[in-house]
Amino acid sequence: MAIRKKSSKNPPVLSHEFVLQNHADIVSCVAMVFLLGLMFEITAKVSIIFVTLQYNVTLPATEEQATESAFLYYYGIKDLATVFFYMLVAIIIHAIIQEYVLDKINRRMHFSKTKHSKFNESGQLSAFYLFSCIWGTFILISENYISDPTILWRAYPHNLMTFQMKFFYISQLAYWFHAFPELYFQKTKKEDIPRQLVYIGLYLFHIAGAYLLNLNHLGLVLLVLHYFVEFLFHISRLFYFSDEKYQKGFSLWAVLFVLGRLLTLILSVLTVGFGLARAENQKLDFSTGNFNVLAVRIAVLASICITQAFMMWKFINFQLRRWREHSAFQAPAVKKKPPVTKGRSSRKGTENGVNGTVTSNGADSPRNRKEKSS
C-alpha cells in the first residue's frame with residue numbers, strides 16, 4: 001500500500017496561513033490562560049473580571065419573596081473585559097461548528113465556492129439565531145414579559161438586571177464583536193467586507209444602545225422577534241442549497257419579515273413614544289441611569305425607524321431581484337418551440353402550412369393539378 005502524501009505543507013509558525021489554519025487553537029490557549037488564572041490567588045482578582053459577570057447587587061428578601069434574596073446586576077466599564085473573554089469563546093464555538101458540522105456537509109454536497117461561503121454563513125447564523133431565540137424566549141417567560149407587556153416601560157430606568165438578562169446581553173455583544181476577526185479568519189472577499197461591516201455595525205449599535213440606555217426589556221423583545229425571522233431565512237437558504245426547487249420557506253419568511261418590521265415599529269412607538277413619554281420622572285440622571293428625556297426618545301425612535309426603513313429597502317430589492325431571475329429563467333421555456341419530428345409528412349406540413357393551416361398553394365400542388373387534368 002503506497003504512502004499517502006500530505007495535501008499541503010505545514011506553513012511556518014506565526015505566518016499568515018499558520019494563523020488562519022490554527023486560529024481556534026491559538027484562541028483556546030488565550031482563553032485557557034484566563035481560566036488558569038482563577039486557580040491562583042495572585043491572578044484570580046484579574047481573571048475573575050474576564051470570566052464572571054461584574055457589578056452585582058444583593059437585594060434583601062421582601063414579604064413577597066421571603067425565602068431568598070435577589071441578586072441583580074448593573075453595567076459598568078469592567079463589562080468590556082467580560083465581553084472580550086466571551087468573544088474568545090464565540091470564536092472557539094464558531095470553529096467547532098465549522099469543522100465538525102458545516103465542513104462535513106460541504107464535502108458531501110460538493111458546493112461551488114460561492115455556495116460554499118453562503119452555506120457557511122447561513123449555517124453559523126442559523127445556529128446562533130436559534131440558540132439566542134430560545135434563550136431570549138426563556139427569559140421573556142420567566143420574567144413575565146408575555147403576561148404583562150407594560151413591563152417594557154414600567155418602573156424605568158431598568159438599571160438592574162437579572163443574571164440571565166445581563167449574561168444574554170454580554171453574549172450578544174461578544175458574538176457580534178467576534179464577527180470582526182472572523183472576516184479575517186474566513187478569508188472574506190474584499191467586495192463582501194463593506195456589506196458585512198454594515199451588518200455587524202447595526203447589530204452592535206442597537207444592542208449596545210439598548211444595554212447602555214437601560215432599555216434592555218424592549219431590546220430583548222425586539223431581538224427575539226428579529227432573530228426568529230432571520231433564523232427562518234437562513235434555515236430556508238440551507239434547504240435551498242440542498243434542493244433549489246425549495247421555495248416555501250422563502251415565501252413564509254417574506255410574510256413574517258414584513259410583519260416583523262411592523263411589530264418592531266409598533267412596540268417601539270408604544271414603549272418609547274407613549275409609555276416613557278407619560279412617565280413622571282423625565283430628567284436626565286447618569287447616576288441612576290435615567291435617560292428618559294425628549295431628545296433621547298426622539299433619537300431612539302429615529303434610529304429604529306431608519307433601520308427598519310433600510311431593511312425594508314434591502315428586502316424589496318432582494319425580492320425584485322428574485323422575481324427578475326425567476327422570470328428570466330421561465331422566459332426561455334415559454335419561447336421554446338416544440339420538437340419537430342423527422343419524416344416526410346412533417347416536412348410537407350412545414351412547407352405547405354403556416355401555424356397548422358394549409359395554404360392555397362399547398363392545396364393546388366402539381367400532383368393535384370395532374371389528377372384534375374386526368
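Heads up, the Cβ atoms here are built off N, Cα and C, so glycines get one too.
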Membrane topology agreement for HIS110 and TRP323 per Swiss-Prot: yes
Surrounding residues of the topological domain 'Lumenal' (143-159) on its own chain - C-beta under 8 Å, 6+ positions past either end: 74, 165, 214-218, 220-221, 267, 270-272, 275-276, 279, 281, 288-292
Cβ packing number for ASN56 (N-linked glycosylation site), 10 Å threshold: 13
